[in-house]
């Protein structure tokens, strides 16, 4: 017997209610992410993530810049959450992740509003609901999804994360998320501390990605090339950091296997707080030789499922300017 798809259709109303209650309990003494701040976000208090009772959505729209298996021809229904539990100095979304410095938690969007966004994206024909920077708002996401599913949401959920996730939060999402998309940033504690203010990032990322793989397995595509279920790992290749890339790819090959779907990204550019004075070693773009070496490392390790841009024919018919 085939399993329901999206997976959350197998959850009963009682199970959804149980998950929502668990989610709210996490906010009372916040342990939603590895920062483990312990503040009562139900009372609109906040700490590392600058987010109180309600998640703040900075934007939502059909996104055509994601991987082909996510954007398809109608776009990935992307919801960008403001703020972040990391402090990446090179963040390309710095204006919404770190630049906002409220004296108190901003009002945010109640779960009913986020559920309405999801349903609107479905109405627009998007292929999935893509939750960007969700690590610190997993409880609020569960609340919103419970409402959206009750009102007819039928799109798979993409959990688009930095991988700085808490295992308890990921287990709350088991059977809800079909596609996990972690961005494994750094292997070493030293660079994680310097560039993200999170020396414990590598250990949490490894544990989180293994849990994601346990839940959904390797990435499965349908006959149209769209992602149905599974793990898609991103890795942004950084200038001067090929040792990080090699260590991460070796771990993937060893722990997850050669069938892991990987997007080795080459689009790094100096952003956020990076300049010639603050972080001169990152104040340049990735060279073609560095990216070629990253691809060579992956091939050497037998990692053969690397993402390649091949726009869907239906997308090219609608918007030939994509290629």
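Every residue gets a Cβ built from N, Cα and C, even glycine.
Per TrEMBL, these features apply:
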DOMAIN    79-215  domain 'Radical SAM core'
BINDING   84, 88, 91  [4Fe-4S] cluster binding site
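The most crowded of the binding-site residues listed here (88, 91) is 88, judged by how many other CB atoms sit within 10 Å of its own CB. Cβ neighbour count for residue 84 ([4Fe-4S] cluster binding site): 24 (other Cβ atoms within 10 Å of its Cβ, all protein chains included).
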